[in-house]
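S.K.: What follows is a single structure, and I will ask about it in a moment.
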Amino acid sequence: MSVERTLILVKPDGVSRGLVGEVVGRLERKGLTLVALELRTLERSVAETHYGEHASKPFFGELVDFITSGPLVALVAEGPRAVEASRGLIGATDPVKAAPGSLRGDYALEIGQNLVHGSDSPESAKREIDLFFPGLS
């Protein structure tokens, strides 16, 4: 089975609540391997590029403000079906609809502050990894 990579962001709410270890632990226990990890406060230009698909939506400004409001942890995990596996661990975008046992289902209440971002496809993962970790490929 081929190995793929995915980008995971522990958003500022997850970092401030001390949930980085929980996120990393769940990824590792699932069998994914960390290949890059960085604590950083995101530059607005990077956030706008990352969330560019939402630029015309009314929540875009709030989304960018939130993701740049404090430190986040950006990481790259790899393994077979890494995107699908990590999305399952993260849970639905709306934490109220996220399954119990998922990160969002267990630890989040608000769509706007839902702890974690995970790439939604291998193609998105490549684009996002190139943005956050240039030259990693």
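Note that Cβ sites are derived from N, Cα and C of the backbone, with glycine treated the same way.
What Swiss-Prot lists as ATP binding site is LYS11, PHE59, ARG87, THR93, ARG104, ASN114, and the listing cites sequence analysis. As annotated by Swiss-Prot, active site, pros-phosphohistidine intermediate applies to HIS117, with the evidence given as sequence analysis.
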S.K.: Looking at ATP and its recorded binding residues LYS11, PHE59, ARG87, THR93, ARG104, ASN114, figure out the farthest C-alpha pair and report it in angstrom, whole number.
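M.R.: If we measure all Cα pairs in LYS11, PHE59, ARG87, THR93, ARG104, ASN114, the largest is 22 Å.
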S.K.: Could you state the CA-to-CA distance between PHE59 (ATP binding site) and HIS117 (active site, pros-phosphohistidine intermediate) to the nearest Å?
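M.R.: About 16 Å separate the Cα atoms of these two residues.
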S.K.: May I ask which residues of the same chain, at least 6 positions away in sequence, place their Cβ under 8 angstroms from the Cβ of ASN114 (ATP binding site)?
M.R.: LYS11, ASP13, THR93, ASP94, PRO95, ARG104, ALA108
S.K.: Does DSSP give ARG87 (ATP binding site) helix, strand or coil?
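M.R.: Once the DSSP labels are grouped into three classes, ARG87 (ATP binding site) ends up as helix.
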S.K.: According to DSSP, folded down to helix, strand and coil, what is HIS117 (active site, pros-phosphohistidine intermediate)?
M.R.: strand
S.K.: How many Å separate the Cα atoms of the residue listed as 'active site, pros-phosphohistidine intermediate' and ARG87 (ATP binding site)?
M.R.: 9
